[in-house]
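The annotation active site, proton acceptor is assigned in TrEMBL to D280. Marked as S-adenosyl-L-methionine binding site by TrEMBL: L256, G276, C288, L302. Annotation comment: TrEMBL describes 46-68, 88-110, 123-132 as compositional bias 'Basic and acidic residues'. The compositional bias 'Basic residues' annotation in TrEMBL covers 111-122. The compositional bias 'Polar residues' annotation in TrEMBL covers 351-360. For 152-350, the entry in TrEMBL reads domain 'SAM-dependent MTase TRM10-type'. Taken from TrEMBL, the feature region 'Disordered' covers 41-151, 350-369.
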Amino acid sequence: MYTLNNLVVFWNHYKSQKFFSSVKDHFCTGASEFTSQNYRTMDTTSKGDHEEVKDHVSNGHADAKRSAPQDSSGEEIKRQKPNVPEGMSKREWKRQMKKQKREETKDEYRQKKKEKRKQARERRKERIREEGDANSNADSDEARNHHQQKRIKYNYEEQKKTGVRILMDCGFDDLMNEREIVSLSCQIARAYSAQRHCKHHLQLDITPFNKRLKQRFDEAIPQYNKWSTVNFIEGDSLENALPMDDPESMKKITYLTADTDNEIEELEAGHTYIIGGIVDKNRHKNLCADKAKELGINTARLPIGKYIKINGRSVLATSHVFELCCQWFETNHDWAEAFNAVLPPRKLHAASQTSSAQPETSEEATDLS
Ligand SMILES: C[S@@+](CC[C@H](N)C(=O)[O-])C[C@H]1O[C@@H](n2cnc3c(N)ncnc32)[C@H](O)[C@@H]1O
């Protein structure tokens, strides 16, 4: 005999079962038929219904995902296992496949990029024209920094020779990941471009130019072979490009680094300045300073704190340091103006954005690498 209590429990259980099956009957016309579109257009009467439908949809998708694909005859298509070569990790294989795909679509990608650049140029021209019409006073030019100004290209023959040599030390291939190598190659390209837009000429040598960096250039920037103003010196170490056995000549070489207390004031003709060709988000602190010390090369940092205030630490990107050296000549030896011209405005402390050469004592610094 059932007691009244038993009957109540049984009734509740029965009710809940019935409720769930009715909800299921109502919505479950087949997971694959239930798209997010009809979910959105469905007349959901209450939040409860809404949530249930949502659950159902996501479960439906999960189910659909789980069910194996079928061919036209209804046969199950077996998913093929990736053909990972022996001894290669799946991750590495995926990376190789991506690279291969990139290679295959390279021309199309370049074409699209070219198109986009052309459109951007057009838009920029249009904007400058509009700005010129609206504000034709000379102040507007002064307010813009050189990133926004129309830049003129100069031939090597037209450029004034400074007698300064910049040597980019690219002997850090093994310390960078693939993306960082790509970033460095772009920075070198930017440095080349910056040099072409200067009235002054600084000799730019890239060494050692080998391993993944060279590979990257060969694959993605093959036109570098025609850059007559940049010397790509293959070699296998920085030392190969230096007069290591001539102490007098070695005195005329300075390794630029943020990790020193010596501050540079001027760039001298007949002098070589080395810039570390590395993108490391400053993972490797003192790397270049230690290397210079080991090779017996003097070190110096740019006088950032003296002339401008910038947000953060003062480790700059390789291309920025090169551009700064160029701009120092372009601005008639005015560091403050050079910093303001090269560093992105967001990195500059508001107070320092006027090009006053008043020395600042702030040691705040920024990591623009
Ligand atoms: C991204 S930084 C490399 C940082 C690296 N951890 C190091 O040990 O130098 C690239 C290069 O730019 C130059 N550089 C960056 N900030 C500088 C600064 N404040 N003064 C002088 N050179 C700087 C250095 O030659 C440096 O090697």
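Placed from the backbone N, Cα and C atoms, the Cβ positions cover glycine too.
Whatever TrEMBL says is automated annotation, not expert-curated.
Report note: the S-adenosyl-L-methionine site is defined by L256, G276, C288, L302, and the residues of the same chain whose CB lies within 8 Å of the CB centroid of those residues, excluding them, are Y255, T257, A258, I274, I275, T299, R301, V321. Among residues of the same chain six or more beyond the compositional bias 'Basic and acidic residues' (88-110), those with a C-beta under 8 A of the stretch's C-beta atoms are 82, 178, 219. Applying DSSP to the compositional bias 'Basic residues' (111-122) sorts its residues as follows: 12 helix, 0 strand, 0 coil. Between D280 (active site, proton acceptor) and L302 (S-adenosyl-L-methionine binding site), the C-alpha separation comes to 19 Å. Counting residues of the compositional bias 'Basic and acidic residues' (123-132) by DSSP class, helix then strand then coil, yields 10 helix, 0 strand, 0 coil.
DSSP assignment over the compositional bias 'Basic and acidic residues' (88-110) gives 20 helix, 0 strand, 3 coil. Sequence-distant neighbours of G276 (S-adenosyl-L-methionine binding site) (same chain, six or more apart, CB under 8 Å from its CB) are M168, D169, F172, Y255, L256, T257, L287, C288, T318, listed in sequence order. Look at the residue listed as 'active site, proton acceptor': DSSP puts it in coil.
Once the Cα atoms of L256, G276, C288, L302, the listed binders of S-adenosyl-L-methionine, are compared pairwise, the greatest separation found is 14 Å.
Averaged across the domain 'SAM-dependent MTase TRM10-type' (152-350), pLDDT in this predicted model comes to 94.
For C288 (S-adenosyl-L-methionine binding site), the number of other Cβ atoms no farther than 10 Å from its own Cβ, over all displayed protein chains, is 24. When other Cβ atoms within 10 Å of the Cβ of L302 (S-adenosyl-L-methionine binding site) are tallied across all protein chains shown, the result is 22.
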